[in-house]
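Colleague: Handing you this structure, nothing more for now.
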Amino acid sequence: MLTRQARLLRRIPPPNAVLQSGLQRRHRSTDRYSNNIHTSSTQNAPAPVYDTPIREKGMTLEAKERVRAHVRKIQSSASTAAASPAVRPQPAQHFQAAPQPMPTNMPRFESDSQVKNGLDYSFIGLSGGQIFQEMMLRHDVKQVFGYPGGAILPVFDAIYNSPHFEFVLPRHEQGAGHMAEGYARVSGKPGVVLVTSGPGATNVITPMQDALSDGVPMVVFCGQVATNLIGSDAFQEADVVGISRSCTKWNVMVKDIAELPRRINEAFKIATTGRPGPVLVDLPKDVTAAILRTPIPAKSVQPGHSPYLPSNPLNPSSQPSDPLPGDADLITEAAQMINKAKRPIIFAGNGVLSSPEGPKLLKELSDKGRIPVTTTLQGLGAFDERDEKSLHMIGMHGSAYANFAMQEADVLIALGVRFDDRVTGKVDTFAPAAKAAAAEGRGGIIHFEIQPKNINKIVEAQIPVLGDVVASLGELVPQIEAVDRSAWIGRCKATKERYPFTYTPSQEGQKLKPQEVVQELDRQAEALGKEKFVISTGVGQHQMWACQYYRWTEPRSWVSSGGLGTMGFGLPSAIGAKVAAPEKYVIDIDGDASFSMTAMELATASQYDIGVKVLLFNNEFQGMVEQWQDLFYENRYSHTRMTNPDFVKLSESMGAKGLRCTKLEDLPRMMKEFLEYDGKRPIVLECLVSSEHVYPMIPAGKALHEQLLHPLLRNGSE
């Protein structure tokens, strides 16, 4: 009598039977699929080649002999096959050539026959990866930053050795995201990122949040596990759509190959519409590996032209079409308030830089109305700081004279700003003179802004003008009257002379002062031409000194992390900026702590001959944190001191040239060597600097006029 276990074993077929049964089912399934294709393509379809019936206990003798003959044919031809190359060819690199904009972004149809009855047939027979490549071409994408992985390989295979793209492979996906940001900030075009699923996608979360905070257009494409595996905790599966929901303007998972072109178009349009920002498109592997078999709506393959698309500064002829206009009556009301003002001030932000016309209109407004100008950190370069009406940057570490002027102005003209806490200080005490003038009906706050949620979110505006800032400026400037405001300009000038940016110069035998290094860079950049320079920074004290002691004169010459304050931003963003503008000097002013977070991207610059220059401040401290510990935590330096590597040797090990400056008398010569070094190779100039505080400084919870001044100025403060 059989045991229960024996009876169960008898029910399990032998392994070869299971394999044979599976092959038979697969063969029958393939036959049905092949028959369906032939039937749909023609009425007189020939019979499938493999039409010999499969019997339950094996193939017929005729079928077996046909298989053996096929194997013999393969074996006989194997000896004559060409050997595969030992090293796959690399795409040509053209980073040192100035980018040439395409004449049009419209799709390039081979013939009218590809569109019939509103349906497009041009993508039939292409894989999802090939469709991705074609859509990038239609969106004039020339540079892609990313890192491959299993889930995104169908796309990487489609763009392999493509002559249409310059692909930059970073050492970390976060580097790819910041490179795309730097590229977008300098070029005005959205940066494109291509990464795999799981950690590849989550490593781009920080750059996406950074781009969202600062209004940078970026399109991130990430791989995903196959749709039938979603939710199964598959290898490198992550709910990146859920994770990125709060740090993108829009995100989507493409679930069918037929919707891929439409989703790509939507991504580019949303990233560049209104206030620019990041978007994410999740691409399951079975979608990018699939073949499109049916026509799709013709409109879905045509790049959408956003009416508010920022212009490309590298192509001045590219202008936004039909920008969102501001309310004409409100603009007229704003002009009337400005014309009556005795002490107006212009507060310019990143929104002014959305078009090449923005800085021009800002200058015209300031010159015509004799109005002083201050900027946000991200507005640097919108107004020439050599102009006598420039008050430089405002805020926590802005100029003392800009902060004082903001508190005294009776009309505040805010252009494309968010009024974040680093600018306003204590909100209740921000711009008191303008608020008092508003209560008396003779002044107030005018806010030009494209994003509705920023209107009256922090600071109440008496005249809120919702719309494209540059378009609104174009309507405002003709209505501004020439008014004599010499008394107000004179007061601002006197305050500027009384409270300048100040530091104690280094003495012989002492370490360099970081301010001295920035001033020397500014002096030599002025001699070479400021229009030839782009400056990026990390985050920390060095970032603030760059704002204070470098005179900003050119739009889109400043690349820095403002809203999120991302350490490690400087070097990868400089690489992206250099890719966008290879003809310019691109300099990353960085601190030792910030640089160390993404220092390996120096190897990326070496690999691709991207000639970025790193001006590195080494004080072996996390400087800004140490400053707060000094001022507010009784000098308790909790985990802010660092032991650094030899940055010169580290740079040389990654193919870059390394220099080190320790003396003030050597600084001009070494700065000159630094700037004149080969524009195709990266270089690092390490400057050993003393530990300093950044002044002025507005302590948390204090008003703009309650700023901490440099000790040399405090006796004369008001």
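The backbone N, Cα and C atoms fix where each Cβ goes, glycine too.
Pulled these features from Swiss-Prot for this protein:
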BINDING   Glu173  thiamine diphosphate binding site
BINDING   Arg275, 397-418, 449-468  FAD binding site
BINDING   Asp592, Asn619  Mg(2+) binding site
COMPBIAS  32-45  compositional bias 'Polar residues'
COMPBIAS  76-99  compositional bias 'Low complexity'
COMPBIAS  306-325  compositional bias 'Low complexity'
REGION    541-621  region 'Thiamine pyrophosphate binding'
Colleague: Counting by DSSP secondary structure, give me helix, strand and coil numbers for the region 'Thiamine pyrophosphate binding' (541-621).
Modeller: 33 helix, 16 strand, 32 coil
Colleague: Whole-number answer please: how many Å between the C-alpha atoms of Asp592 (Mg(2+) binding site) and Glu173 (thiamine diphosphate binding site)?
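Modeller: Cα to Cα, Asp592 (Mg(2+) binding site) and Glu173 (thiamine diphosphate binding site) are separated by 21 Å.
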Colleague: Using Cβ-Cβ distances, find the residues under 8 Å from Glu408 (FAD binding site) that belong to the same chain and are at least 6 apart in sequence, listing them in sequence order.
Modeller: Arg343, Ala433, Arg491
Colleague: Far apart in sequence but close in space: which same-chain residues, 6 or more away, have a Cβ under 8 Å from Ala402 (FAD binding site)?
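Modeller: Within the chain, Ala402 (FAD binding site) has Cβ neighbours under 8 Å at Thr374, Leu391, His392, Met393, Ile394, Gly395.
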Colleague: Taking the Cβ of Glu173 (thiamine diphosphate binding site) as the centre, how many other Cβ atoms fall within a 10 Å radius?
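Modeller: If we count other Cβ atoms within 10 Å of Glu173 (thiamine diphosphate binding site), we arrive at 27.
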Colleague: In terms of DSSP three-state secondary structure, what is the assignment for Glu408 (FAD binding site)?
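Modeller: Reduced to three states, the DSSP call for Glu408 (FAD binding site) is helix.
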Colleague: For the region 'Thiamine pyrophosphate binding' (541-621), what is the mean per-residue pLDDT, to the nearest integer?
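Modeller: Mean pLDDT, the region 'Thiamine pyrophosphate binding' (541-621): 97.
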Colleague: Under DSSP, is Asp468 (FAD binding site) part of a helix or a strand, or is it coil?
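Modeller: DSSP assigns Asp468 (FAD binding site) to coil.
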Colleague: To the nearest whole angstrom, state the Cα distance for the pair Gln462 (FAD binding site) and the residue listed as 'thiamine diphosphate binding site'.
Modeller: 44
Colleague: Among the binding-site residues Asn456, Gln462, Asn619, which residue has the largest number of other Cβ atoms within 10 Å of its own Cβ?
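Modeller: Counting Cβ neighbours within 10 Å, the top one is Asn619.
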Colleague: Whole-number Å only: compute the distance from the Cα of Ile450 (FAD binding site) to the Cα of Asn619 (Mg(2+) binding site).
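Modeller: That comes out at 41 Å between the alpha carbons.
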Colleague: So if I measure Cβ to Cβ from Ala414 (FAD binding site) and keep only same-chain residues at least 6 apart in sequence, which ones fall under 8 Å?
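Modeller: Phe347, Gly349, Ile445, Ile446, His447, Phe448, Glu449, Val459, Ala461 - these are the non-local Cβ neighbours of Ala414 (FAD binding site), listed in sequence order.
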Colleague: If I restrict to non-local contacts, at least six residues apart, and a C-beta distance under 8 angstroms, what lies near Arg275 (FAD binding site) in its own chain?
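Modeller: Result: Gly215, Gly351, Ile450, Gln451.
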Colleague: Could you tell me the C-alpha distance between Asn456 (FAD binding site) and Asn619 (Mg(2+) binding site) in angstrom, no decimals?
Modeller: 42
